[in-house]
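Report on one structure; see the data block that follows.
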Amino acid sequence: MRRIHAPADALYAAVVGLLGLIALAILVGPVLVVLAVSFTSEPSLRFPPQGFSLRWYAALIDPAQSGHIHEAALNSVTVALRAAGVATLVSGAAALWLRTRSGPAGRAVDLAFMSPLVLPMLSFGLAALILLTTIRVRPTLFWLSAGHLVVVAPYVLRTTAASLSQLGQPLLDSSASLGASRLYTFRRITLPIIAPGLAAGAFLAFMASMDNVPVSLFLSSARTDMLPIRLWGMIESSLDVRVAAASGVLVVSTTLLLLAMNRLVNLSRRISR
Amino acid sequence: MADGGAVTEAGATHGVSLEVDAVSHEFGAYRALDDVSLRVEPGEVMALLGPSGCGKTTLLRVIAGFLAQSRGAVSVGGVRVDRLPPGRRNIGIVFQNYALFPHLTAAQNVGYGLAARGAARAEIARRTRQFLEVVRMEAYAERLPRELSGGQQQRIALARALCVSPGVLLLDEPFAALDKNLRLDMQIEIKRLQRRFGLTAILVTHDQEEAMSVADRVAVMRGGRIEQLGPPADVYDRPETLFVNNFIGSTNLLPGAVAADGSVRLAAGATVAPPRPAPAGARVVVSVRPEDVTLHDAPAPDRFPARCRLSLPLGAVTVLDLEAEGGAAVKVVRLRSAEGPTLDGPLWCGVREGARVSMFAEDS
Ligand SMILES: Nc1ncnc2c1ncn2[C@@H]1O[C@H](COP(=O)(O)OP(=O)(O)O)[C@@H](O)[C@H]1O
Ligand SMILES: [Mg+2]
């Protein structure tokens, strides 16, 4: 629809547009700076970058130079996959359970699941470390995954709960009334409706685990090095430009993952019809 | 598929009886249904009529099996069903907002019940096509619910419920979300389907005109109880309580008192014969429907004076708003073509001969 814009409308549009641009610059700007720096030909993290080269990417890929980084990256991905996978199952189930429970029990469970989002993660990391020392187990990838699970679970709970708001009781009642079993209803009604929420939650949980520092700081050791910790260590000791290159790889792969997930969600929508 | 309804060649079922026997239900301490009993005969349409919050949906949910009643029994076709899950009660339901599955196409929605019951693919396809045709929605088979209009969604919801051949159909405020013209179309459509399939149906509504036009019998509910149950004309002409009287159709309530000779002396200034004997001195309210008030240009003992405040031409009829002595409003409906006194001068109102007049104790 075409409208004639009054001057006030134009001003409003200009202000909102400007604010949007500023927000975009603040959010995306640093990422672009890091990307630019990663292509420098000098051994320094200075902006603007001097010259253009792929030498830092080459160094990053080289197993002889960067074997430790590769190991840390593999650990991080493993932990993130496990934490996000289990969080999707547990928080998805919790969201379903919470759907019909608005009483004190429901609120207590909801609060318990959401608390990692507001409680200081450092305290949680410390508490987890003390717990592990007390029960005399060595922090392994398993315990790292468990720690990450706790802090990424809220994401899946929130996104699933949001998609569950589309699932009214009448839909479930209709299905039951038409002769469907609970399992059939779950498979054909509940799951397709919450699938986008689960997928979005799993993605967020994966990303949150990938760059979690506070929990990893306490629970990782030399044998279970995690990517963010390792990168921080490199910056601290030598201002290594490989860190910028690693950031570049992370930014690009996150973007690709985001696009892929978008496609997947749309795809699953199309398949389920 | 049809456990109780016999399926004929055309896919039509025959409705079965539905019996609700002394059903009560409490939400915590609040009694939403209080000793409700009714019986719907095979092929009959009953309307549940009542103000919002009187327990209509609750009763429907108990019948459908989504809610377990605290006391009482529900039978379909003479068989107790209140221990059976919703899907095995031989009851279909159409929800107020249709509750179509948003991620399934119209055709998948219609075929859902058969698929859930494990019918063969070919059978599902055949019946789906058949019921899309029944509701004249063949052209929209591949659309998602959000791509359909309200009326079209309702047709799909109907087809979905009918596709599994239920013996009883429950409709919860099926027309509430539709605009006025569409509402009439859908009333006709539902009546047509109900006749064609010989369905037993309960229609929940808070619109008395809708109840009157679609139903064979009307149950008026109030505060979880059935206040009166009978054919629409009976409930309209012989309301048993003031509540039913006010709820069904519009009416004029004229306060008065019973005189020594048994006649009723209205506060507005006329003496009328009571519809039933009442003890002398009793304070009563006499209810006269707007179409039963006659207008005259001369006084008489059985007429009271009034003045016309407003006249609203409403198509074939004119609605008059009169003011009786003491300021009481009197509503009158008369045919536009009807002869009568001019409205500018003083008027006297009487009660049409043969009119159904109801009388209630003043404090009821
Ligand atoms: N799940 C529930 N919990 C508590 N009270 C309820 C519940 N469902 C309905 N009620 C109450 O029961 C009464 C009847 O509700 P309902 O059957 O939905 O009325 P209607 O359909 O006639 O408008 C209302 O007062 C409502 O507040
Ligand atoms: Mg209701």
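Cβ atoms are placed via backbone N, Cα and C, with glycine included.
According to TrEMBL, the feature domain 'ABC transmembrane type-1' maps to A:73-262.
Below 8 angstroms of C-beta separation, residues 5, 45-49, 52-54, 56-57, 241, 244-245, 247-248, 251 of the same chain, each at least six residues beyond the ends of the transmembrane segment (A:12-39), sit close to that stretch. The annotation transmembrane segment is assigned in TrEMBL to A:12-39 (among others).
Per TrEMBL, transmembrane segment is recorded for A:79-99 (among others).
Marked as transmembrane segment by TrEMBL: A:111-135 (among others).
The list of residues near the transmembrane segment (A:141-157) in space but at least 6 beyond its ends in sequence, with Cβ under 8 angstroms from a Cβ of it, reads 75, 78-80, 82-84, 86-88, 90-92, 94-95, 98, 110, 113-114, 116-117, 121, 124-125, 128, 132, 198, 201-202, 204-206, 208-209, 212, 215-216, 218-220, 224, 226. Residues annotated as transmembrane segment in TrEMBL: A:141-157 (among others).
The transmembrane segment annotation in TrEMBL covers A:189-210 (among others).
Taken from TrEMBL, the feature transmembrane segment covers A:243-265 (among others).
Contact counts against the transmembrane segment (A:79-99), taken as Cβ pairs under 8 Å, peak for A:189-210 among the stretches A:111-135, A:189-210, A:243-265.
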